[in-house]
Amino acid sequence: NLYQFGKMIFKMTGKSALLSYSDYGCYCGWGGKGKPLDATDRCCFVHDCCYGRVNGCNPKLSTYSYSFQNGDIVCGDDNACLRAVCECDRVAAICFGENLNTYDRKYKDYPSSQCTETEQC
């Protein structure tokens with residue numbers, strides 16, 4: 001769920017999910033359209049696509065099982081849908097961590113009206 005995703009993001013980046021990623025670029029936050037603006041925004045685009053492939057549970061509300069082991073996020077659900085949601089969140093949190101060096105504050109609170117030319121998953 002979004003709370004668990006936020007904890008993953010903080011663990012991998014040291015940043016608050018709400019303050020740093022909830023309204024960033026064209027894809028970080030609710031919904032999304034346009035072309036990803038940078039590597040961080042692309043992490044969100046890929047995450048949105050991943051959620052779009054999940055069947056059988058609500059990705060934003062479903063509580064899954066995971067842990068942090070040796071700096072890694074480990075998803076631990078037997079339920080296929082919950083495991084898929086966890087994997088979407090895990091990959092995105094790692095992606096944010098890998099792209100911290102290109103995070104650009106100018107894309108925080110970016111106007112959605114500037115997001116055009118939507119990419120397909």
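A Cβ is built for glycine as well, from the same backbone N, Cα and C atoms used for every other residue.
For the Ca(2+) site, Swiss-Prot lists Y27, G29, G31; matching the candidates D48, D72 against that entry yields D48. Within the set C115, C121, Swiss-Prot assigns C115 as the partner of C26, by disulphide bond.
Checking C43, C44 against Swiss-Prot, the residue bonded to C95 by a disulphide is C43. There are 15 other CB atoms within 10 A of the CB of C49 (disulfide bond), with all protein chains counted. The residues near the Ca(2+) site, meaning same-chain residues not in Y27, G29, G31, D48 whose C-beta sits within 8 angstroms of the mean position of the site's C-beta atoms, are C26, C28, W30, G32, K33, C44, F45, in sequence order. Under the three-state DSSP scheme, C28 (disulfide bond) falls in the strand class.
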